[in-house]
């Protein structure tokens, strides 16, 4: 008995560790693991099935095959435990030791370990400072290498060919040593003196000037440092002893018919042993050199194949031409150890079945088939049967259960009571894909699911299956009930809105009962209360949709102290809404329900209920809503028939008009007035506009009907057309779908995304002809192919996101930072896309917020969590911007703090310590991935129409405000914009921004700053098709380098007869004219150059190719006049990457193809001399220093000579690269850019994601910094280090009054960031396993197991949520002090143990 207890204690000890270290194994270490040498390649005897002695399965080395029984059978049973049989050499013990006992092979010749040789960068190569090519020549016996030059002029590590070697031998006899093969490499590595090599390199670094040399030296220093710190020796990268894996991990199983199924490793080991033995024999026989060398080479190859098959040369294949699976293949990839067995395991106590609807269930319940429940809860049932005395033994209980006696079911009922089960639907894209329910036993074989949780699971009932899991332990049940119960997950963690929202039938029923119709039976009646209404309705005195007056009792709940006050009032409503008011919980205002219950309104209702009344009432209310919805959907009996698809009468006329327009454009094209591209764009435009018009006409036809009201007048009212009801309520279908049924099908896309210019004019009711049908299948198939690709891509994005953010956990309440992001409302083209209140809701304020124009009394103080009430206050005070805390600026050393994160979106209060916000962020961004599109949009058609805006018409009455605008006053009295980034906003009476517009260069602005404007007034206009060049001074024009027929071509407009000049493309000019640069200069009356105001630059404008000048030489120009214009169709063909690929590009921080070029500093623009293919752009700083930039000719420079730019402003058009934004503008603008761009993609698809989630990922992308100046730190210049490491090291240096290191932030893509994490276990299980493990082993890296993934892999509770407390408790119990704990958790110690100890000593004195 005591032994058993000891056994348990032993197991406990192995679980209690705080870090895992990986390092190179020395030959002695390998021998110490081993239980004996494997000398023979034999496996098991095919007749007796017993392992051969000294073979790969030898019982003497690896342990017995049967528990407590030696191989020859002399010793059997427990009593001989620990005896070693003298006959067969087997130790009598448990057979499972065959899973852990290793053997070894003594290699007759050293062998280079392929990982350290071939895994780039080659570690052996770096160590020896030789190229991989050279080392391989030595290893594979093609060249000699000098290992010890002695007194000869030869150099150490010099390669010699066979001839050179022989010559050298004759010349110097035995004064030098040279060798080939792994022995030579081993010798070279063994004789390296790391310490002196290190000193030499540091000196060399100080003296070298070449960039490439520096890189190589830094790499070598880092490698040698790693060897010194980890205690590894370089020669261990060449193996002299090979460990042999325990046999049960590479099993050999006899199949019937005398064949064997075996692990590939056995084949690989056999090869190694065979060659090793042969080599040993050859060496004993003193065989000729050439044979021995060949054998050594073969040994090297076979060991390579065993470790990593296919890394070098062709992979060794087995009998069936399939490459053998080597040790490296076992751990990497989706089928490898990490991802197949450690991160995802099969789970017992689980079952799966088809799901069906359970409309009568409560929200916390699910229907579990009796058969399933019995199987899942079997042990519990057995135990209870025994306890009740219904069965004496387990076996008897089993019999009872198998017979399914009546009492078994009663006991099952008891066992299941209040024992929650987990339901999971694959794919589990976010945490709501697994929820807990209380099971209700049902007949049948399908699991019943509550309809309201379908949205969260993304489930429907067309054959979906779900898995059931039983939480066994008490803690597990508790967590399931408290955290995972469906009733505790009403809000979505992605955006904080209710996810338990009725859909489809329920919405239809609620919408139907809450519609108001004219002149229905009982209109105008007055009722004393809702029960009276119910009575009247049940007795058919009133109809459901009749407008009536009802006295309704309202209960108001005070938000602060929860006091309830009630009052009654008579309300105009309908019978249906009055009935609906009966199910409203007390305290929810009736006006919320006194509308048409569309899906949006129902969602708003549930949201208000949750915020006002809390969880419990809301859950009960949601259930009642569902029951009511189903009941009335049944009564409504809504069905659709072909006659519901009403085709508008106007359709014919609209189509005729469009056809005429298209014909006209076709004629223009044939007479050469428009280009093919313009014609296509215009045609597509016309059709998309027509399609819209028909859709509108159709919605009017379907959506309204004429009725008589009570007074006998005919009026329009919303129709009760079944199709319209469904779309309007949000139950099913949308305007776009109805348009295809009853309007026109519209334009179709080709598989490459371009639009077919002939639209489908018919709709589905009229039917398509053959050509139309063919055109429509074309795009539809693409859709199906897209969906399949999309799922895979989206899943991969989610995996990368989870991996990069998995270790972000809330670790403290407040990090104390004062930094944050400044939030303003998002305004685009006159619409407030996202008001300030939505952006700051649930955030913590970083700085006190004052009323605009009042700095005395703050409205909100720092560190306030903004909830709905606070946000409303800000809105009333019309605050424009708030600085809020953000995870990006959080200063916690590990994880983030609760204040910087703000509100836990799924719970509605400040986030708890231990919440795994990183994983939540990754899931929230990844989950909607499948809804995003896959294609890249070509700008054309609808998109370009939106782009051709040519004026600003304000939508609200208020005042005009210019931001960032430079303008000149035109003679006509209006202003002309001469800056690119200018914006015009409209403020309302409170000074709140309502609209914001971009003002393009050259726009004529008819309003002044601060002017009052009325809604509908036009305040600016411009020519959308031409980019003007505006004169900033008044004077006369002088043409320079205008050579007719060479640099300019004169054209005369056929219609107007006016002459204009077009600048030619320099590529098309002759060699002599390449240098000519057409310039328009502005001079005064005497011909002297004028300068641009506030600068000393001449007023001259360099004209790009294809620009058109309408003025004549010597013509007078005024301020703000157009000197030349550049036609703008060229830049319109840029593709926009949309949807999923765009999100992936942003998170991977990829540089766009032709990135925008940003100004490296602030200053004045001028152009230098052009080179062959590039233009030279110069920015002159205020202090006179210059910055030059060479820009390819084909790029569009959007700044002009003499213009002032600020650092980070765009000077060349294009998509900005995130790295540039970070470098020139800093972290906050980068964060803002990433959030905006990613949100734009999701917003287009109507997906709401909170900014926080994107910020959490951005924080992880900014984990690393690059050292610019090492100071006195241990880092090297150009090294990338975790930001936290540098901050800690700097703090230490400052304490000692030494120079701290300087650094710049680095932006890594999510894949790179995941691989660069501190934890090698997490990185290895993600991608590039070999590279990560090689690197970690050389460094002797220790993994402190701080992230979630590492802990899952080693099989412990994760340090998040309830696991956080467990880990804290475990550390307390192990009796470690705080400082020791810090060391373990990876604070500064560990990397420099000696220094740390010296420090500690110094401090104590």
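Just so it is clear, glycine is given a Cβ too, placed from its N, Cα and C backbone atoms.
The Zn(2+) 1 binding site feature in Swiss-Prot is assigned to 70, 72, 85, 88; the stated evidence is sequence analysis. When secondary structure is read from DSSP and collapsed to three states, residue 85 (Zn(2+) 1 binding site) falls in the coil class. Its Cβ taken as reference, residue 85 (Zn(2+) 1 binding site) is surrounded by 20 other Cβ atoms within 10 Å in the chains shown.
Here Swiss-Prot flags 460, 462, 464 as Mg(2+) binding site, drawing on sequence analysis. For the recorded site, residue 460 (Mg(2+) binding site), the DSSP three-state label reads coil.
Residue 890 (Zn(2+) 2 binding site) counts 25 other C-beta atoms within 10 Å of its own C-beta, drawing on all protein chains shown. According to Swiss-Prot, the Zn(2+) 2 binding site annotation covers 815, 890, 897, 900.
Under the heading region 'Disordered', Swiss-Prot lists 1375-1405.
Once Cβ contacts within 10 Å are tallied over all protein chains shown, the binding-site residues 70, 72, 897, 900 are led by 900. Summary: among the binding-site residues (460, 462, 464), the fewest other C-beta atoms within 10 A of the C-beta are counted at 462. Of 70, 72, 85, 815, 900, all annotated as binding-site residues, the residue with the shortest Cα distance to residue 460 (Mg(2+) binding site) is 900. The Cα atom of residue 900 (Zn(2+) 2 binding site) lies nearest to that of 462, taking the binding-site residues 70, 72, 85, 88, 462 as the candidates. DSSP assigns residue 890 (Zn(2+) 2 binding site) to coil in the three-state reduction, placing it in neither a helix nor a strand. Rounded to a whole number, the C-alpha distance linking residue 462 (Mg(2+) binding site) with residue 70 (Zn(2+) 1 binding site) is 58 angstrom. Nearest Cα neighbour of residue 890 (Zn(2+) 2 binding site) among the listed binding-site residues (70, 72, 88): 70.
For the recorded site, residue 897 (Zn(2+) 2 binding site), the DSSP three-state label reads strand.
All chains included, 18 other C-beta atoms sit within 10 angstroms of the C-beta of residue 88 (Zn(2+) 1 binding site). For residue 897 (Zn(2+) 2 binding site), the nearest of the binding-site residues by C-alpha distance turns out to be 464; the candidates were 70, 72, 85, 464.
In sequence order, 890, 891, 892, 896, 897, 899, 900 constitute the residues six or more apart from residue 815 (Zn(2+) 2 binding site) in its chain with CB-CB distances below 8 Å.
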